[in-house]
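Per TrEMBL, these features apply:
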type	residues	note
TRANSMEM	A:21-41	transmembrane segment
TRANSMEM	A:78-95	transmembrane segment
TRANSMEM	A:107-126	transmembrane segment
TRANSMEM	A:146-168	transmembrane segment
TRANSMEM	A:175-198	transmembrane segment
TRANSMEM	A:222-241	transmembrane segment
TRANSMEM	A:306-322	transmembrane segment
TRANSMEM	A:328-354	transmembrane segment
């Protein structure tokens, strides 16, 4: 008798829920791995899954063509998609939570556009590079670090402006998205103005930042993205309980011992860094940061201890899927991934909205 | 034991309460009364350290509350805001959230056992897996009280916990608060609009008049004159079916 009483204790439902969430995480991970192997095999030099795995196991030093294609061309692009997808989705998830607005994302807060504006300024005004159409993929950015640095500054300045507005005017967090939209529009207009006065080759180079493209990614970019993402993923996931408390309102969270203002500031800053870094290296990629967290909420609910890492996984899946689609759909032409995510993301968002009955 | 000394509170330059002196033993339930805008919520928020006082000291079991670090304070003081928009989490998760000030990273078996106990105590065990967004107002209020209890506090601050509940739920929730305060030896402050509910469930009252003044005493000592002075409504005190009550005239 007491055994049945114990298993039917309320906590049984909690354990059951935890198991279902772990299972959902494993499924997400499995989908990602399958997608990775598939994506590595696709392209102008197709490889069956077994050869992909062999080339991966053989290491980067192997000399056969499969190893070269995998290790020098496809793997850095794939890892960049993975890391940028994770960064943007994580940024979107935490922005949505601390601003309590389901529309918050790196794009709607203007952080991505700010980064693109920064890169454009560096290319045109500081003469950091130009695009020479010698071949299909010849980009000459003479000072890549200047461009990336300027993009970072642009993205972080936008985030700082939003935070400053929030602190000075005591704006309701919900209203901050409006400030973000205004700043994003300002950055976009600035980008257009600077492009208008640029030479043709410079304008072509700036285009690479106004629509995101994973073709820019090499091992160096992958390294930087990973270096930024890893600590912030841990830091943000550790705030899971506090973000759960925030879901009930600021006073409830404060009463539970959460330093609300500090949490909002650090989490938004971390999200801005994630979004700015991936935009700085790869250009503006929209909708991943908006869609991926919503997908995960549909699957596992709003417990941030799971939501944040799972949103990162979902972001990786969405961006890698979009990039693979963009590489294959009218091959050999490779579509910029930023355009593909927007084309896929907009209808997906509408479906989500309709399914949730407008809530 | 809650000890309040020379506490003054205000809102936007206006002083709502001047020089409050109050001692409340553990297990006592104090009804905070007064007209709209008299500062009842501000007082509760001040005690929860969510609003800075204009002056004075508040001690709980000899410890000044404003000296406590956030989590330590949240282990001593639980506060229920006037309105809570439910999050889309289960009842169990919502109550478990009260353990946050006690947690590092994972909820241990001890935390889960405590939540089980509380859900049983509140009669919510059957709803454990239900989403809070699907609860009725009375159920949600009980869940929030459950979260406050999960904090394992010494001081319980409830801001209008029964305001938008129907009659049955008002009686049930307040009976629950009363029983819990006594069983767990909590100092409990409840903001109430309904004087007759206060008469029924509270041990003591604190009546704010909105001009900085206040009256306090045993619930049985609350007089029609004090009420008329604070609310500007004439009342008489009577008794019906063994329950004292005030009726406006």
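Cβ atoms are placed via backbone N, Cα and C, with glycine included.
Heads up, TrEMBL stuff is auto-annotated, nobody curated it.
Through the fold, the transmembrane segment (A:175-198) approaches residues 99, 101, 103-104, 107-114, 116-117, 120-121, 123-125, 154, 158, 161-162, 165-166, 206, 210 of its own chain, all at least 6 residues removed from its boundaries and within a Cβ separation under 8 Å. Counting Cβ pairs closer than 8 Å and at least 6 residues apart in sequence, the transmembrane segment (A:78-95) and the transmembrane segment (A:146-168) reach fewer than three and form no contact.
Counting Cβ pairs closer than 8 Å and at least 6 residues apart in sequence, the transmembrane segment (A:107-126) and the transmembrane segment (A:21-41) reach fewer than three and form no contact. Taking pairs at least six residues apart, the transmembrane segment (A:306-322) and the transmembrane segment (A:21-41) share three or more Cβ pairs below 8 Å and count as touching.
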